[in-house]
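Note sheet for the following structure.
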Amino acid sequence: MAQFIYTMNRVGKVVPPKRHILKNISLSFFPGAKIGVLGLNGAGKSTLLRIMAGIDTEIEGEARPQPGIKIGYLPQEPKLEPEQTVREAVEEAVGEVKRAMARLDEVYAAYADPDADFDKLAREQGELEAIIQAQGGHNMENQLERAADALRLPAWDAKIKHLSGGERRRVALCRLLLEKPDMLLLDEPTNHLDAESVAWLERFLHDYEGTVVAITHDRYFLDNVAGWILELDRGEGIPWEGNYSSWLEQKDARLAQEASSEAARRKSIEKELEWVRQNPKGRQAKSKARMARFEELNTNDYQKRNETNELFIPPGPRLGDKVVEVANLRKSYGDRVLIDDLSFAIPKGAIVGIIGPNGAGKSTLFRMMSGQEQPDSGSITLGETVVLASVDQFRDSMDDKKTVFEEVADGQDILRIGNYEFPSRAYIGRFNFKGSDQQKRVGELSGGERGRLHLAKLLQTGGNVLLLDEPTNDLDIETLRALENALLEFPGCAMVISHDRWFLDRIATHILDYQDEGKIEFFEGNFTEYEEWKKKTYGAEAIQPHRAKYKRIAK
C-alpha cells in the first residue's frame, strides 16, 4: 500500500458571507491511523469530513484518496430508504458476499450438468470462495447479529420510516461498519449510543485495520483509540501525534503563551488536566470531596469567586437535608414495564448520572419528578426546599426568528435568578455568546450553539436540583469541559441523563442504571467504579451491550 492513504494539499473552504472556515490545510493520512478531530462548534469539522468524502467539491486546493481506496462516511443525518426494514438496510453492507454465496450455490448445481465446462466452473468457484473467505461470509449471520446487539438496533423487521432519528443513525452506523471500508469518516458516531454501546464501538475501532477519522466529543474514545488529534482552530488544521490527554498537556502549554483573553479557557483546561493526572483512586476521592465541601459551595463569597468561571450555573435557594426520595416506584406504557419497584434517596450535594438504552424510561422519570406524568404506583417525594430546574433534550421550542439576546433576556437588561441579579448580556456571555454573537438569529446557530442557548434559557429558573436530559449532545469539548466545571461548583444537586463516560466519571457521585425488564440499579460512585462493580458482581457479560429486553405486564 502507498505511504499515505489520503492527501490534502492547501485545502481551503469559503462559506457565506466570505468567511474562510478552512484555510490552506495540507495533511497526509497514514494507512491504519486513528485520528480524532477537535474544534469549537462552527470550526469546520463536518465540512472537513464532507470534503474528504468527496461530497463537498467546491474547495480551494486539492483533496484526494489514493486510487482504489474505499471510503465510508457517516454524516450526522444519514439517508436511508424509508420503505426498507432494518435488516434490508443493514444487509446492503454485505451485498457482495450475499451475491457471491448465491452464485456459488448455482455453480455447485451446475456441476451436475454432464455438458458443463468443469474447468470454467472450478475457476469461478475459486474466485467466489475467495470473495466469501476475505469478508468472512460463512460467519455472516453471526456478524450481523453481534453488530445489531452491540449497537442496540431495533427489531430486524421494523420499517426505517417508523424509526426515531437516533435509531436510524444506529442502523446507518451498523451498515457502515459491516462494509469494512479502507477509511472510515465518522461525524459524531457516539451520538444516540448508550455508554455500553460506545465502549463496544471504542474497542471495535481500536482493532479496526483501516484508517479512522472521527469527529467526537467522547474523550475516552479520543484517549483510548486516537493516535493523532487534528485540531481545527481559526481555520487552520493543527495535527498532534498522541491521544487526548497528551494533546491537553500541549494545549495548556500553548495557551500559556497566548493572550490573557484566553485566561478563562485555560483555567477550565487546567481543572480537567488536574483530574486527568490523578490516578483512579484520586479521581474517586474527588467526587466524594464534592459532597464533603457542599456547605462551602453554598456560601455567597464562593459563588462570587465562581463567577470568573467560563460557564456559570446560577445557584438556587439553599437546599435542606431532604432532597429526593423515591419509594417502590412503578411505571409502564402499554404492556411494557419501564420502571419496576424502584427505590432510592438522593443525598445533599449528589450528582446522579443516569444511563441505559434509548427508550428505557430515563426521561419518563424526570417527567414524573416534575409532575408532568404520574407513576402507576409508588411515590416520589421532594424536600420542602427543593426547586427543580429542567433542561430537556428537545431544542426546537426556541424561536428561530429571535436573536440570542431576545430568546434569553426577553428585553430585560437585568435578570433576577434566585437570590442573585445579573446584567442580561453578562449572563448570556457566560454561555460563550460574546459581543455580536448575541445578535445572531436562533435559526442561524449550529447544533452546539443551540445547546448552549438552551442551557442559558432554562437555567434561569434558579433551581437547586437540576434535571438535565442529554445536555452533552452536540456540545464541543470546550463547552463540555466548561459544563463539567460549572456542575462541580454548583451548590445544589443534579440528575444528568448522559452516555458520555468521561463526563460521568468527572461529575457523578452516583449512578442510576436502567437495565432490562424495568430493573434499575442505584450505585454510589462514578461510571468507571460502577462498571467495575457490575463486572465483579455479575460477570463480564453484564457490561456487554445487547438489545433491550422489556418486561411484559401479566395479563
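Just so it is clear, glycine is given a Cβ too, placed from its N, Cα and C backbone atoms.
Annotated domain 'ABC transporter' per TrEMBL: 6-259 (among others), in sequence order.
As annotated by TrEMBL, ATP 1 binding site applies to GLY39, LEU40, ASN41, GLY42, ALA43, GLY44, LYS45, SER46. Taking a C-beta cut-off of under 8 angstroms and a sequence separation of 6 or more, GLY39 (ATP 1 binding site) has the following same-chain neighbours: LYS45, GLU231, LEU232, ASP233, ASP476.
For the region 'Arm' (95-139), the list of distant contacts is 180: same-chain residues at least six beyond its ends, Cβ to Cβ under 8 Å. The annotation region 'Arm' is assigned in TrEMBL to 95-139.
Across the residues of the region 'PtIM' (242-322), the predicted structure has a mean pLDDT of 70. Per TrEMBL, region 'PtIM' is recorded for 242-322.
Among the features that TrEMBL reports, domain 'ABC transporter' is placed at 324-542 (among others).
Within the same chain, residues at least six positions away from GLY356 (ATP 2 binding site) with a Cβ under 8 Å of its Cβ are ASP194, LYS362, ASP513, TYR514, GLN515, ILE520. Per TrEMBL, ATP 2 binding site is recorded for GLY356, PRO357, ASN358, GLY359, ALA360, GLY361, LYS362, SER363.
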GLY44 (ATP 1 binding site) and ALA360 (ATP 2 binding site), distance between Cα atoms, whole Å: 34
Candidate binding-site residues GLY42, ALA43, GLY44, SER46, pick with smallest Cα gap to ASN358 (ATP 2 binding site): SER46
ALA360 (ATP 2 binding site) - helix vs strand vs coil (DSSP): coil
Composition by DSSP (helix, strand, coil) of residues within the region 'Arm' (95-139): 36 helix, 0 strand, 9 coil
Pairwise CA distance, ASN41 (ATP 1 binding site) versus PRO357 (ATP 2 binding site), rounded so that it is a whole Å: 27
